[in-house]
Amino acid sequence: MVRVRIRQHVNPLASKYQQSVTIPNFSDIYADIKKPLYLDIGCARGRFLWQMAQVEPEWNFLGLEIREPLVIEANNWRDEKGLNNLHYLFCNANISLGKIFESFPKGILKKVSILFPDPWFKRRHQTRRVVQPKLVEDLANYLTVGGEVFLHSDIEKVAKEMCNRFSAHGSFYRSYNDWLKENILPVLSEREKVTLGKNQPVYRALFIKLEEPTPNIISP
């Protein structure tokens, strides 16, 4: 399949991305809608989830991506492989996450990853970063107790900001105080492979969903 060429950066605050997603019938997509669900926010071309769905067939996988051509391409790859535990959805996660999970059985979301999100380096653009307080709040509402959130970045400031947002909520605790030295997921993302290939650091953190929220310590 010819690789789709797309714009590297998409402004999630643009009006065209403020519309809530049209929800498909997930029971028609997944062979077993009751399997535990792994969510990848900002899945890009979706190759990470494409591999995960094959490595862990007892799970369902959902990738969210704001660049529609990549979603179309990723679902085509899924169909070519005949995977019935994987789907990609075009949406703005900060707008549509709650609506998406109202369409799934309650308590189905067990794991979430946000891997190498767009850093939006300029200060005036940092409100475009994907990990905003609203996103963390939505994940706190739908992730099961004991559920895991994996955060990866090759930019330390971005990784710290993501960690601060989750620590500030009170429904999550960080499982290790320092960065994880190794990737504890069974598959490496495309970006992580490239970063490690250049002998550059990857900043990884794991957060766990608490049963009862703790008082906020860090301001978002």
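Keep in mind that glycine also has a Cβ here, set from the backbone N, Cα and C atoms.
Take the S-adenosyl-L-methionine site that Swiss-Prot assigns to ASP40, GLU65, ASP118: the candidate from ASN84, ASN85, ASN92, ASN141 listed for it is ASN92. The record gives ASP40, GLU65, ASN92, ASP118 for S-adenosyl-L-methionine. Within 8 Å of the mean position of their Cβ atoms, the other Cβ atoms in that chain belong to ILE41, GLY42, CYS43, ALA44, LEU64, ILE66, ARG67, ALA93, PRO117, VAL130. Residues listed for S-adenosyl-L-methionine, ASP40, GLU65, ASN92, ASP118, cover a largest CA to CA span of 14 Å. Per-site Cβ counts within 10 Å over the recorded positions GLU65, ASN92, ASP118 peak at GLU65.
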